Amino acid sequence: MAASENNMEEINPVLRISQLDAIELNKALEQLIWSQFSSCFQGFKPGLLTRFEPEIKASLCLFLWRYTIYTKNATVGQTILNMQYKNDLAVTKKYRPLNKQQKVWFALFLVGGKWLEERSFDLFSNHPFGASFQRTKYFLNAISGLLKFGALLNFLIFLQQGKFATLTERLLGIRSVFSRPQDVRQVGFEYMNREILWHGFAEFLIFLLPLINTQKLKSKLFSWCKPAKSHGVSDPSLAVICKECCLCGEWPAMPHTIGCSHVFCYYCIKSNYMSDMYFTCPKCSSQVHNLQPLEFKIEISEVHTL
């Protein structure tokens, strides 16, 4: 079954975005491996790996190449996306894996090119006055510029034709194909619909909540939950009424009245009145006529009874 799938003719081309995603996944994997490897030497002397960093990175890339392209004809990113490399130099249209020469040259371009790019500065910095080294450095810089220009042209051609995402693939004659036939994908919009509903509901709440007077609503609920307590009118002192604020239920700080027989903290009544100009007493439903401080005398013995 696997042999028949590998030998079937290619029908569906690989998407450009899939090839670019595979390249990005490979770069992310290399960075992850290097970060994990360097974290193993955090307890050692600082700068221990800096001197040999290009060689260590090249060794790690060579290790990845050995167990991905050399054995499976596909990078890690291609394996995740159900892709692999095909020998495009073969005359037949059927799938042909990469030959050994293509794999070795791929390693030289991939690993050796990165190593030379990172190590070239150190190689020529120790011989700043040598004429031969200067010519070699100029020659390498010219080659590097030509390769970058060629990579740009190859990318533009890749966007048009959809083959050979990198210059290395075009030079070696290898391109990405699907490793297995693609099934018809069932596109579902459940997640998108749920996100749209939640975003719409959040925007509705952002528009609605500023229109609701929460302070007034809280006062109404407080008046319904705590009905008015009847106090004797014959009580000569206001000690019974003035022991607690009608809003917070605590001992009134800077007690004030609004014209009725009930007492409020200054902060409680002021904040409620500023948020609702039609504020009424939650116990007797009296409107605010005149906010004024309360002056009364209370015995110390009555305070200790609280």
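Each Cβ is built from the backbone N, Cα and C atoms, and glycine gets one as well.
On a predicted model such as this, the values are computed, not experimentally measured, just so you know.
Residues or ranges marked as Zn(2+) 1 binding site in Swiss-Prot (evidence: similarity to another entry): CYS245, CYS248, CYS265, CYS268. Positions annotated as Zn(2+) 2 binding site by Swiss-Prot, on the basis of similarity to another entry: CYS260, HIS262, CYS281, CYS284. As annotated by Swiss-Prot, topological domain 'Peroxisomal matrix' applies to 1-15, 75-98, 162-188. According to Swiss-Prot, the feature topological domain 'Cytoplasmic' maps to 43-48, 126-134, 213-306. The annotation transmembrane segment is assigned in Swiss-Prot to 16-42, 49-74, 99-125, 135-161, 189-212. Summarising the annotation, Swiss-Prot assigns zinc finger to 245-285.
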From CYS260, HIS262, CYS281, CYS284, the binding-site residues whose CA lies within 10 Å of that of CYS245 (Zn(2+) 1 binding site): HIS262
Residues within 8 Å of the CYS260, HIS262, CYS281, CYS284 Cβ centre (excluding the Zn(2+) 2 site residues themselves): CYS246, ILE258, SER261, PRO282, LYS283, SER285, SER286
Among 16-42, 135-161, 189-212, stretch most in contact with the transmembrane segment (49-74) (C-beta, under 8 angstroms): 16-42
Spatial neighbours of CYS265 (Zn(2+) 1 binding site) that are distant in sequence (at least 6 apart) but have CB under 8 A: CYS245, LEU247, CYS248, GLU250, PRO252, ALA253, MET254, PRO255, HIS256
Chain-mates of CYS245, CYS248, CYS265, CYS268 with C-beta within 8 Å of site centroid, Zn(2+) 1: CYS246, LEU247, GLY249, GLU250, PRO252, ALA253, PHE264, TYR267, ILE269
Distal contacts, the transmembrane segment (16-42) - CB-CB under 8 A, six or more residues away: 48-49, 56-57, 60-61, 64, 75-78, 80-81, 83, 158-159, 162, 165-166, 176
Cβ neighbours of CYS281 (Zn(2+) 2 binding site) where a neighbour is any other Cβ within 10 Å: 22
Outside the topological domain 'Peroxisomal matrix' (75-98), six or more residues from its ends: residues with CB under 8 Å to it: 6-10, 14, 18-19, 21-26, 29, 64, 68-69, 106, 163, 169, 173-180, 182
Spatial separation of CYS268 (Zn(2+) 1 binding site) from CYS284 (Zn(2+) 2 binding site) - C-alpha basis, Å: 17
Of CYS245, CYS260 (the binding-site residues), the residue whose Cβ has the fewest other Cβ atoms within 10 Å: CYS260
Distance, CYS268 (Zn(2+) 1 binding site) to HIS262 (Zn(2+) 2 binding site) (CA atoms, angstrom): 13
